[in-house]
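Now, the feature entries from TrEMBL:
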REPEAT    80-111  repeat 'WD'
REPEAT    122-157  repeat 'WD'
REPEAT    211-252  repeat 'WD'
REPEAT    253-294  repeat 'WD'
Amino acid sequence: MHRVASSGSNGGSVRNRKEKKLTYVLNDGNDSKHCAGVNCLDVLKSSVSGDQSYLFTGSRDGTLKRWAFDEDASFCSATFESHVDWVNDAALAGESTLVSCSSDTTVKTWDSLSDGACTRTFRQHTDYVTCLAVAAKNSNVVASGGLGGEVFIWDIEAALSPVAKPNDAMEEGSTNGLGNSQPVTSLRNVGSSNNISVQSSPSHGYAPTIAKGHKESVYALAMNDAGTMLVSGGTEKVLRVWDPRTGSKTMKLRGHTDNVRVLLLDSTGRFCLSGSSDSMIRLWDLGQQRCLHTYAVHTDSVWALACTPSFTHVYSGGRDQSLYLTDLATRESVLMCTKEHPIQQLALQDDSIWVATIDSSVERWPAEVQSPEKVFQRGGSFLAGNLSFNRARVSLEGLNPPPAYKEPLMTIPGSHPIVQHEILNNKRQILTKDAGDSVKLWDITKGVVVEDFGKISFEEKKEELFEMVSIPSWFTVDTRLRCLSLHLETPQCFSAEMYSADLKVSGRPEDDKINLGRETLKGLLGHWMAKKKHKPKPQALTSGDVLSVKDTKKNLNASKSEDSSAGNDPVYPPFEFPSISPPSIITEGSQGGPWRKKITEFTGTEDEKDFPLWCLDAVLNNRLPPRENTKLSFFLHPCEVSNVQVVTLGKLSAPRILRVHKVTNYVVEKMVLDSPLDSLATDGASVSGGPQQLFAGNGLLTAGSKPWQKLRPSIEILCNNQVLSPEWSLATVRTFVWKKPEDLILNYRVAVAK
């Protein structure tokens with residue numbers, strides 16, 4: 001505690017550049033499940049591994065997963081993690097290449113049969129990438145579309161060839177996007193608010209073909225097998241047809257009255273099916289450039305279509321939570337099944353159909369794909385004629401047809417997404433509620449669930465866990481990925497401190513302060529630092545090599561720096577993250593591209609430039625940036641009726657976390673008494689001699705022996721006429737007792753014996 005001059009000065013510096021953010025994502029102990037809605041499905045029958053079939057899923061949790069099947073069971077055989085936002089679509093190009101697109105504005109390619117290796121990242125889009133289309137018989141051709149109105153046609157073989165020039169329109173990827181990244185032509189920095197700035201640089205090397213013409217967002221793409229025809233649709237309510245080889249537009253078709261959400265082309269490219277937010281399905285003859293039929297099957301937006309190989313029957317699903325099968329020739333429809341959530345995506349496999357919803361689970365239902373007529377023989381079908389939307393709704397609600405199937409053949413369960421959260425006052429714990437109504441308590445400095453309370457009242461538990469403590473907010477949190485994403489930014493993330501004793505860290509002085517942000521970063525990067533410390537050293541020189549004096553000094557200094565760095569400090573138990581279901585780190589690399597990787601997958605070879613500089617400064621060099629609100633100013637006055645006087649000059653300043661009993665010590669240390677010191681003891685204890693000096697050279701109140709334990713009953717500290725608990729911090733007093741923007745005023749008095 002020290003005095004503050006009456007005239008303050010602003011000595012802080014203003015940072016001109018935007019500091020990079022570091023985010024870590026917590027999982028609830030099961031990485032083999034999606035924790036958010038599944039946006040995309042695709043099925044691969046691999047010739048490499050015999051008749052083995054795989055299902056690929058992409059989720060709003062930012063990951064893709066590969067599912068393998070063993071008799072009637074399924075298991076997650078790989079997780080593909082590199083996207084930093086929702087995965088909106090995925091498609092298989094050939095036998096081993098998986099292509100995905102995301103709201104992080106990227107398109108990524110993966111080795112689908114690997115353990116999750118990302119082979120390339122494309123950053124041409126300037127907004128969310130919403131849809132993909134692949135040519136079945138020409139797997140090199142892939143198209144991508146997004147909210148920016150852009151449609152790009154990629155030659156995957158050319159795009160994945162070795163890059164000869166450093167400034168490409170792509171970024172070489174690994175599982176996390178680190179290591180071989182390169183500048184891109186259009187880069188968007190994704191923040192928690194999803195506000196993205198566009199940066200441009202010259203394009204070199206491979207560049208995709210651009211289909212120019214959309215004025216609004218693109219939500220749907222479809223391509224014929226040969227890759228010679230591409231159809232796109234979106235919020236313009238029209239279908240645009242392109243030649244993907246040149247990017248030229250060949251026709252525009254009108255008919256839908258709302259957003260076009262899904263498209264399908266037959267193998268030849270003559271017929272096209274479209275589903276729209278106007279609830280209608282339309283069949284188009286592209287050769288005649290007209291709509292052949294309109295199918296009024298659904299009562300709400302159509303989001304998903306899947307057609308039989310012969311293009312005679314279509315399965316459709318959408319916002320009305322119903323899956324229908326429709327005969328395109330007779331317009332006869334039958335309700336296949338109903339779901340509890342809107343249907344996002346469909347994928348046919350053998351004589352069954354995979355159904356994905358905004359829920360995190362995926363189900364496989366019988367479909368009779370080879371002989372769909374068998375489903376109609378069950379009865380319960382109706383005619384989906386050319387009805388208006390209102391007439392269709394009345395017709396369907398009046399029919400209320402029974403579903404053909406009531407139970408799925410298989411379910412791939414997901415975990416419940418988080419739907420509500422509350423940061424507790426201790427700023428180390430977060431209370432969450434998931435879609436299954438389960439309430440859990442998380443410790444974010446360890447990345448684990450402290451307690452699962454089950455299905456209880458979230459509000460009641462929040463009130464029960466309330467603590468009268470005041471700690472600065474050192475992180476922000478969101479649940480966009482349907483799990484906890486914690487965002488750390490400098491200097492805010494270094495604003496919170498706690499005493500070692502309160503964190504139960506042994507072997508440290510009683511009043512030793514621990515910075516929550518720095519220690520959390522050490523826990524997150526602990527695996528990386530350990531691997532980096534033990535990574536192989538450069539090979540010894542051969543007999544013909546000569547090492548200069550300059551090189552010798554450089555290597556020696558680097559060695560000393562590494563040995564003496566704060567990165568060698570141990571990770572304290574309160575900040576140890578688990579190795580099972582560990583958190584993932586999301587940040588922006590040295591070339592500007594965001595990346596994501598689990599903390600246990602770091603090899604130690606990652607470039608330090610791919611981490612924020614402030615993060616490495618804190619972890620490796622123990623350098624923290626200038627921070628605000630680490631100290632608190634206050635006045636200390638005697639009560640009007642007190643005969644105890646303290647010699648003080650002006651305003652006092654102390655750490656926010658300083659306990660009230662330390663202020664009591666200060667009063668005892670500085671007080672001028674009208675009576676002997678012994679008379680202050682109201683509990684009969686005699687105090688001999690003066691209290692121990694509690695001031696360090698810098699004027700701050702520090703730890704020592706505990707004379708206050710005897711003197712505390714004799715001196716009381718008050719604020720707003722309320723006697724303060726000795727264990728409260730100054731910040732707690734200011735927040736819950738003082739409650740004013742002005743400097744805190746504390747009073748002291750001799751306690752009255754009871």
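The backbone N, Cα and C atoms fix where each Cβ goes, and this holds for glycine too.
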Secondary structure content of the repeat 'WD' (80-111), with strand meaning DSSP E or B: 0 helix, 20 strand, 12 coil
Summary of DSSP states over the repeat 'WD' (253-294), given as helix, strand and coil counts: 0 helix, 24 strand, 18 coil
Overall pLDDT for the repeat 'WD' (122-157), taken as the rounded mean: 93
